[in-house]
């Protein structure tokens, strides 16, 4: 059996902003058609990741809005109104992302908007005493962990941006928890 060997794909180095002596930052295929296919493939992967992240965020916001509606009774809280608003925002971002012809810059803007609304969602999950009648400092931790996971693993954003998001989420929860200490919960902080 005579097998045809695979044709070697050559890459060439682009001139980049990297300092001399360091390996170049970007590689590019010699064939423009192959380069275009590669970029389209990466765009579809990033679009799929963004859709998965938005579906997790839609499930989270819808379940929390349903829980707030069923468990909080007749009292009106900020969380009762903010969770449905975030649900509508995430649904609209999902619809905008789920189009056939999407450009890289549009997808990056959608990912950054998703990260921004994740941050506002995480701030509202913090244990504010007047926002949702917080029971203690442990309230909202699992939501913050899930949002941090979505930012790190599912959203196609730069690693530095995901790290900054994780730091801001954890710092905001720590600050809100530390400032909402009452005389009753003061004993918890001594340990």
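Positions of Cβ are set from backbone N, Cα and C atoms, glycine also.
Tertiary neighbourhood of the transmembrane segment (53-71): same-chain residues 77, 79-80, 83-84, 86-87, 90-91, 93-94, 97, 114, 117-118, 121, 132, 143, 146-147, 150, 154-155, selected by CB-CB distance under 8 Å and a gap of 6+ residues from either end. Annotation source TrEMBL lists transmembrane segment at 53-71 (among others).
Within the same chain, residues 47, 50-51, 54-55, 57-58, 61-62, 64-65, 68, 107, 110, 113-114, 117, 120-121, 124 sit at least 6 positions outside the transmembrane segment (83-101) and bring their C-beta atoms closer than 8 Å to a C-beta of that stretch. Taken from TrEMBL, the feature transmembrane segment applies to 83-101 (among others).
TrEMBL lists 113-132 (among others) with the feature transmembrane segment. With a threshold of 8 Å between CB atoms, the same-chain residues lying at least 6 positions outside the transmembrane segment (113-132) that come near it are 50, 53-54, 57, 60-61, 68, 72, 77-79, 82-83, 86, 89-90, 93, 138-140, 143-144, 147, 150-151, 155, 157, 161, 165, 168-169, 172-173, 176-177, 180, 182.
Taken from TrEMBL, the feature transmembrane segment covers 144-169 (among others). Nonlocal intrachain contacts for the transmembrane segment (144-169), taken as residues 6+ away from its ends with a CB within less than 8 angstroms of a stretch CB, comprise 45-46, 49-50, 52-53, 56-57, 60, 107-108, 111-112, 114-115, 118-119, 121-122, 125-126.
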